[in-house]
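These come from TrEMBL:
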DOMAIN    70-367  domain 'D-isomer specific 2-hydroxyacid dehydrogenase catalytic'
BINDING   129, 153  substrate binding site
DOMAIN    163-341  domain 'D-isomer specific 2-hydroxyacid dehydrogenase NAD-binding'
BINDING   208, 209, 228, 263, 264, 265, 266, 267, 289, 315, 339, 340, 341, 342  NAD(+) binding site
SITE      291  site 'Important for catalytic activity'
SITE      339  site 'Important for catalytic activity'
């Protein structure tokens, strides 16, 4: 989610030329020192739904399915959903935890202040993709290792994006709401329902998720464009049938539908402000499963109200969970959901297995798969620089 990808090869992520963030203090050990470790997991609470599916492991109750294994190894494993405020459960464990596991779906915001107080902290793991809930510069300066389960939910997110495109193009939600409310008004739906075929779809960011989305769009006979800092291999580009657009502002007016697939970084935060939204075609449809903070919140709400954005759908908010008065909850022609696209049961099993694999490597003093690193030895992965 991705930020939900690592562009280029794993080697490029940490050895390519360009700026990097170097540790300003001595690095903390990359691997576990002897003895039991205190590991804290922050996940969303499932409540009554926890018992409905034995594979529902991404919640507090499921605890990634690793509790028995960790405790049998002599480690302490604490799991909570309480992560905000000075009196929250997470705060009690900040001073002496060794490993913090969290997810993008119910993120524990790991600030520079929290990092400073976490004297024993060595490892920050994201169960999923997208580690922007961590102050990565502070983590790098403190010599921490930050890693995620790269690729674990890219299929889940790409499928969800395709669904949202169709929901917006076909004006599906008003029809569904009519059924619930006992109405029957075909005209109220049909006046702004279209075919996807022949429309121009542009993705802003084209890593793993962006490529999967473009591949899934090909049978719909769309015109597909992509903007990214790295151009695809010509053979893959020809196979997918998408055209590279080096200039984002030149691409936007061409698009009937825009999908956000770029990580949240210092460069992409607030990327779609009032001025950039104005460069989009009037009546544009926007899908954003990347990160809410890439969009300027009020600018999106205003553009939906004016009709410049004809429909907006996504599952990412700023902050998360979204407060009850968040303007995206009430803007017209939106198809928003809580952050769900990357936490299907299939994805949960993949990112739980990935977390267990990295913990096993950590305990043994072995390196992680190279593509999983977001901060390693004081350097940020290239997409976060």
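Each Cβ is built from the backbone N, Cα and C atoms, and glycine gets one as well.
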Binding-site residues compared (153, 289, 341) - highest count of Cβ atoms within 10 Å: 153
Rounded to the nearest Å - Cα separation of residue 341 (NAD(+) binding site) and residue 153 (substrate binding site): 8
Least Cβ-crowded entry, counting other Cβ within 10 Å, from the binding-site residues listed as 228, 266: 266
Average model confidence [pLDDT] within the domain 'D-isomer specific 2-hydroxyacid dehydrogenase NAD-binding' (163-341): 97
Site extent for NAD(+) (largest Cα pair distance over 208, 209, 228, 263, 264, 265, 266, 267, 289, 315, 339, 340, 341, 342, Å): 25
Cβ packing number for residue 264 (NAD(+) binding site), 10 Å threshold: 26
Nearest of the recorded positions (129, 153, 291) to residue 266 (NAD(+) binding site), judged by Cα-Cα distance: 291
Most Cβ neighbours inside 10 Å, all chains, among the recorded positions 291, 339: 291
Rounded Cα-Cα span from residue 208 (NAD(+) binding site) to residue 153 (substrate binding site), Å: 10
Count of other CB atoms lying within 10 Å of the CB belonging to residue 208 (NAD(+) binding site): 23
Binding-site residues clustered about residue 291 (site 'Important for catalytic activity') [Cα within 10 Å; pool: 129, 208, 228]: none
